[in-house]
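Listed in Swiss-Prot:
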type	residues	note
REGION	1-58	region 'Disordered'
COMPBIAS	1-14	compositional bias 'Low complexity'
DOMAIN	26-89	domain 'bZIP'
REGION	28-50	region 'Basic motif'
MOD_RES	SER43	phosphoserine
MOD_RES	THR48	phosphothreonine
REGION	54-75	region 'Leucine-zipper'
Amino acid sequence: MPHSSDSSDSSFSRSPPPGKQDSSDDVRKVQRREKNRIAAQKSRQRQTQKADTLHLESEDLEKQNAALRKEIKQLTEEMKYFTSVLSSHEPLCSVLAPGAPSPPEVVYSTHAFHQPHVSSPRFQP
(Lines of atoms letter the chains of each structure in order from A and count residues from 1; the text may use other names and numbers.)
(Lines give C-alpha, C1' and ligand atoms only; values in the text may rest on other atoms or scores of the structure.)
Protein backbone atom coordinates (compact mmCIF):
# COMPACT_ATOMS: atom_id res chain seq x y z
CA MET A 1 0.00 0.00 0.00
CA PRO A 2 2.86 2.36 -0.25
CA HIS A 3 1.51 3.41 -3.61
CA SER A 4 -1.61 4.95 -2.09
CA SER A 5 0.42 6.85 0.46
CA ASP A 6 2.46 8.36 -2.38
CA SER A 7 -0.69 9.72 -3.96
CA SER A 8 -1.78 11.23 -0.66
CA ASP A 9 1.67 12.71 -0.20
CA SER A 10 1.45 14.30 -3.64
CA SER A 11 -1.96 15.81 -2.81
CA PHE A 12 -0.48 17.43 0.27
CA SER A 13 2.39 18.82 -1.75
CA ARG A 14 -0.05 20.52 -4.19
CA SER A 15 -2.00 22.42 -1.56
CA PRO A 16 -0.22 25.31 0.06
CA PRO A 17 0.57 25.17 3.73
CA PRO A 18 -2.36 26.29 5.95
CA GLY A 19 -0.89 29.73 6.74
CA LYS A 20 -0.16 30.46 3.10
CA GLN A 21 -3.69 29.41 2.00
CA ASP A 22 -5.26 31.80 4.51
CA SER A 23 -3.14 34.63 3.13
CA SER A 24 -4.10 33.70 -0.45
CA ASP A 25 -7.80 33.62 0.52
CA ASP A 26 -7.41 37.00 2.20
CA VAL A 27 -5.90 38.49 -0.96
CA ARG A 28 -8.75 37.10 -3.07
CA LYS A 29 -11.29 38.39 -0.56
CA VAL A 30 -9.74 41.87 -0.62
CA GLN A 31 -9.65 41.85 -4.44
CA ARG A 32 -13.28 40.70 -4.60
CA ARG A 33 -14.33 43.42 -2.14
CA GLU A 34 -12.46 46.08 -4.13
CA LYS A 35 -14.02 44.88 -7.38
CA ASN A 36 -17.45 44.90 -5.75
CA ARG A 37 -16.86 48.38 -4.32
CA ILE A 38 -15.95 49.72 -7.77
CA ALA A 39 -18.99 48.02 -9.35
CA ALA A 40 -21.28 49.49 -6.67
CA GLN A 41 -19.78 52.95 -7.20
CA LYS A 42 -20.34 52.71 -10.97
CA SER A 43 -23.90 51.53 -10.38
CA ARG A 44 -24.59 54.50 -8.10
CA GLN A 45 -23.11 56.87 -10.70
CA ARG A 46 -25.34 55.40 -13.42
CA GLN A 47 -28.36 55.67 -11.13
CA THR A 48 -27.55 59.32 -10.32
CA GLN A 49 -27.03 60.11 -14.02
CA LYS A 50 -30.35 58.49 -14.90
CA ALA A 51 -32.12 60.46 -12.15
CA ASP A 52 -30.53 63.71 -13.40
CA THR A 53 -31.60 62.96 -16.97
CA LEU A 54 -35.15 62.19 -15.88
CA HIS A 55 -35.25 65.40 -13.83
CA LEU A 56 -34.17 67.49 -16.84
CA GLU A 57 -36.69 65.72 -19.06
CA SER A 58 -39.39 66.36 -16.48
CA GLU A 59 -38.53 70.08 -16.38
CA ASP A 60 -38.66 70.28 -20.19
CA LEU A 61 -42.05 68.55 -20.25
CA GLU A 62 -43.35 70.93 -17.56
CA LYS A 63 -42.26 73.90 -19.71
CA GLN A 64 -43.91 72.42 -22.80
CA ASN A 65 -47.06 71.74 -20.82
CA ALA A 66 -47.16 75.35 -19.53
CA ALA A 67 -46.64 76.70 -23.07
CA LEU A 68 -49.43 74.48 -24.43
CA ARG A 69 -51.80 75.52 -21.64
CA LYS A 70 -51.03 79.18 -22.44
CA GLU A 71 -51.72 78.53 -26.13
CA ILE A 72 -55.00 76.78 -25.28
CA LYS A 73 -56.04 79.76 -23.17
CA GLN A 74 -55.21 82.20 -25.99
CA LEU A 75 -57.04 80.11 -28.58
CA THR A 76 -60.05 79.79 -26.29
CA GLU A 77 -60.15 83.58 -25.90
CA GLU A 78 -59.83 84.00 -29.66
CA MET A 79 -62.66 81.51 -30.22
CA LYS A 80 -64.87 83.40 -27.74
CA TYR A 81 -64.12 86.65 -29.53
CA PHE A 82 -64.93 85.28 -32.99
CA THR A 83 -68.05 83.53 -31.66
CA SER A 84 -69.18 86.89 -30.31
CA VAL A 85 -68.42 88.62 -33.62
CA LEU A 86 -70.33 85.90 -35.49
CA SER A 87 -73.30 86.18 -33.12
CA SER A 88 -73.39 89.94 -33.70
CA HIS A 89 -73.09 89.48 -37.45
CA GLU A 90 -75.70 86.73 -37.97
CA PRO A 91 -78.83 88.85 -37.36
CA LEU A 92 -77.57 91.45 -39.85
CA CYS A 93 -76.31 89.04 -42.48
CA SER A 94 -78.24 89.21 -45.76
CA VAL A 95 -76.82 85.89 -46.88
CA LEU A 96 -78.37 84.04 -43.94
CA ALA A 97 -81.74 85.86 -44.00
CA PRO A 98 -84.68 83.63 -45.00
CA GLY A 99 -86.03 84.41 -48.45
CA ALA A 100 -83.00 86.52 -49.31
CA PRO A 101 -81.77 86.26 -52.89
CA SER A 102 -78.66 84.23 -53.53
CA PRO A 103 -75.52 86.23 -53.04
CA PRO A 104 -74.04 87.51 -56.28
CA GLU A 105 -70.82 86.08 -57.54
CA VAL A 106 -68.11 88.25 -56.14
CA VAL A 107 -64.79 88.52 -57.86
CA TYR A 108 -61.98 89.33 -55.51
CA SER A 109 -58.66 90.72 -56.42
CA THR A 110 -55.72 88.83 -55.01
CA HIS A 111 -55.12 91.82 -52.75
CA ALA A 112 -58.51 91.34 -51.07
CA PHE A 113 -57.49 87.95 -49.71
CA HIS A 114 -54.83 89.58 -47.61
CA GLN A 115 -57.35 91.84 -45.90
CA PRO A 116 -59.07 90.47 -42.79
CA HIS A 117 -62.87 90.38 -43.05
CA VAL A 118 -63.23 91.34 -39.42
CA SER A 119 -60.65 93.68 -38.05
CA SER A 120 -59.69 92.99 -34.51
CA PRO A 121 -56.99 94.89 -32.70
CA ARG A 122 -56.29 91.78 -30.59
CA PHE A 123 -56.07 89.25 -33.41
CA GLN A 124 -54.26 90.82 -36.32
CA PRO A 125 -52.61 88.38 -38.75
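In case you wondered, yes, glycine gets a Cβ from its N, Cα and C as well.
Under 8 Å from some Cβ of the region 'Leucine-zipper' (54-75) lies no Cβ of any residue in the same chain that is six or more residues away from its ends. Across the range of the region 'Basic motif' (28-50), the DSSP-based residue counts are 23 helix, 0 strand, 0 coil. Using a 10 Å Cβ-Cβ cutoff, THR48 (phosphothreonine) registers 10 neighbours. The DSSP breakdown of the region 'Leucine-zipper' (54-75), given as helix, strand and coil counts, is 22 helix, 0 strand, 0 coil.
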